C-alpha cells in the first residue's frame, strides 16, 4: 500500500483542488444549514423554507459536480498502477459503482428532495425517522454510497491518487456525520416535545 500511494504527488494542483472541494462541500452545507436553522434568513429572503431548501440543494448539487470533476482531473494527472489494470479490478470498480448508485438513489427516493438537502434545518420535518431501504441496512447510506462511487471510479481508473482521495472522502463524511447527527437528533427531539405539549 505504501508503494502504491508513494506514486501520488499531493502537491499537484488538481490533487490539491480535489482535496479542497472534498473538504469544502460538507463544511459549506453544514455551516449554511445551521445558519439557516438559527436565523431563517435564507427562507425569508426567498419567500419560503421550501424555496430556501431548493436553492441550497441546487448549490450542493453544483458543488458535487465540481468535486467529481476535480476528483477525475486529479486522477488523470497522476500515474496509474499496473496492479489495478486487470479485468477483475475493473469489474470490482463497476460493482462498487453499482452499489454506490443504488445507495445514493434509493436514499434520495426515500428522503425526497427536502429530506436529502437538509430540509429539517429549514423546519421541513418528516413525520418520523425514515427506516425503509437503505436506511434499514446502514446509517448514512447516501454518504457511504457516494464513497463507494468514488472508490469504484478510482479502481476503474487504476489510480492510486483516486484511492487516496476516496480515503479523504470517507474521512470527511465520518467527520460530517459526527457534526450533523447530534444536531439533527436535537431538531427532532424538540419536535417531539412540541407535539407532546400540543396534545
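From the backbone N, Cα and C atoms, a Cβ is placed for every residue, glycine too.
In TrEMBL, annotation is done automatically, which means it is predicted and not curated.
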Problem set entry | Check: residue 39 and residue 76 same membrane side, TrEMBL record | no
For this session: Look up transmembrane segment in TrEMBL and report which of 15-33, 72-90 it refers to.
Result: 15-33
Seminar exercise, completed: One residue among the binding-site residues 180, 181 has the fewest other C-beta atoms within 10 A of its C-beta, namely 181
For this session: Mind checking which residues of the chain, 6+ beyond the ends of the transmembrane segment (150-176), have their Cβ under 8 Å from one of its Cβ atoms?
Result: 4-5, 7-10, 15, 18-19, 22-23, 26, 30, 71-72, 74-85, 89-90, 92-100, 140, 143-144
Seminar exercise, completed: Cβ atoms other than its own within 10 Å of the Cβ of residue 100 (S-adenosyl-L-methionine binding site), all chains, total 22
